[in-house]
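Student: Take a look at the following structure, please.
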Amino acid sequence: MTVTHRKRTANETEKDIESGVKYHCDPCSQNITDTVRIRCAVCSDFDLCVRCFCGGVELGKHKNWHDYRVMEQHSFPIFDVEWGADEELLLIEGAETFGIGNWQDIADHVGSKTREECESHYLKVYVESDTWPLPNMHEKFDMDPEAQASRKRQRLTQRANRVPAPAKAQKPMTSQPANHEIAGYMPGRLEFETEYENEAEQVVKDMIFSEEDTPEEVDLKLMVLEIYNNKLNKRMERRKFVFDRGFLEYKKVRITNQTADRKRTSKERDQHNGVRVFAQLQTREDYDKFVEGLMKETSPRHAITASALNDRRNARPPPQRSSIDDALSPRGSAAANKSAPVVRKQASPLNIQNAEGIHLLTAPEQALCSTLRIFPKSYMIIKEQLLKEHARLGGLKRRQARELIKIDVNKTGKIYDFFVEAGWIQNSDA
């Protein structure tokens, strides 16, 4: 009878169960895994040892006159000198049963190999083969089958007696949103429960190309696929944005920031807190360079300011001028007491070439907005109010325009004059 290994439970170790496929004699229950056995060709899954077969033992529906097959131990190598043919069969059988990637279950199925050995052997022999998708079928090995069988028994003994590794914290069986700290994120799959354009696959899931499609239908389907690929690219860009900025490692980032804050002075800590909002738009490397540049700039500023304050405190007060000195001055006391006129510096024109609504203005209107430092959108609102009031009253005075538009009276006056010159408003003051 063939006995396959069972799943290991949480409380069991490797010593508690038998790894690999085991064969036992059905009549006497003797372990015949590593010896020649007799398999009944009539009864399903019925094995006998050589002694029971020679004695003609019958059990249940099995009769000693049934046809049989002699099952020898295929321990000779076919692809690798360290792997017997029986181990190759168990490896393929385990991969079909548990799926590629579940190397621990596959290794338990093989029994005589570790998970690392199973993974490296499968990739080397079956995946990276020069004759892929088939392994190299022309390998030749000059090795005694008994020596190979002895090596296999030795490996089984070593594996059964080795000390199991310490138990690790149990990880989620599946990478699902409910099994992780961050809601909606599955780190095992690097995916989110709700992705950007989450329904994008619905458009292409039933799409097929057939020979009966017309050229127009083929072009239409190709266009739909191109749109779908663009959505996938945007989805990957958003994932990369999240991964590059470490948004998913909030605990690690918080601990790192707290440790760094303890080493800073109070001024440095205040400065970091003031610019921390920019960390949302930058990678960690860019943000660190940004903050480092600010620190290098502010340090000399603080030093210069402190030096200027010290110089001002230590400077002597200027000598006081007497009334006689003022009288003897060429300008006289009247000239000294006369205050110089204050000249107001005119503001530089505003660059509005990329402002919203610039295309709605004429060239003179654009020049007016640039000179008065008014954005096109605000200018359009002012223009609409003035023209509506002019149409309602049949004319508009400068004073009425200033009362209607609550901005700088000088700017309102210049806009009013511009409208009068353009003929849009009739000056009621005249």
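Note that Cβ sites are derived from N, Cα and C of the backbone, with glycine treated the same way.
Here's the feature list from TrEMBL:
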{"type": "DOMAIN", "residues": "20-76", "note": "domain 'ZZ-type'"}
{"type": "DOMAIN", "residues": "78-130", "note": "domain 'SANT'"}
{"type": "DOMAIN", "residues": "83-130", "note": "domain 'HTH myb-type'"}
{"type": "DOMAIN", "residues": "83-126", "note": "domain 'Myb-like'"}
{"type": "DOMAIN", "residues": "341-430", "note": "domain 'SWIRM'"}
{"type": "REGION", "residues": "144-180", "note": "region 'Disordered'"}
{"type": "REGION", "residues": "301-342", "note": "region 'Disordered'"}
Student: For the domain 'SWIRM' (341-430), how many residues does DSSP put in helix, in strand and in coil?
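Tutor: Computed counts for the domain 'SWIRM' (341-430) are 52 helix, 2 strand, 36 coil.
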Student: Summarise the domain 'SANT' (78-130) by DSSP state, stating how many residues are helix, strand and coil.
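Tutor: Once the DSSP states are binned, the domain 'SANT' (78-130) shows 35 helix, 5 strand, 13 coil.
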Student: To what whole number does the mean pLDDT across the domain 'SWIRM' (341-430) round?
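Tutor: Here the mean pLDDT over the domain 'SWIRM' (341-430) amounts to 84.
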Student: From the DSSP assignment alone, can you count helix, strand and coil residues within the domain 'ZZ-type' (20-76)?
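Tutor: Looking at the domain 'ZZ-type' (20-76) with DSSP, the answer is 5 helix, 16 strand, 36 coil.
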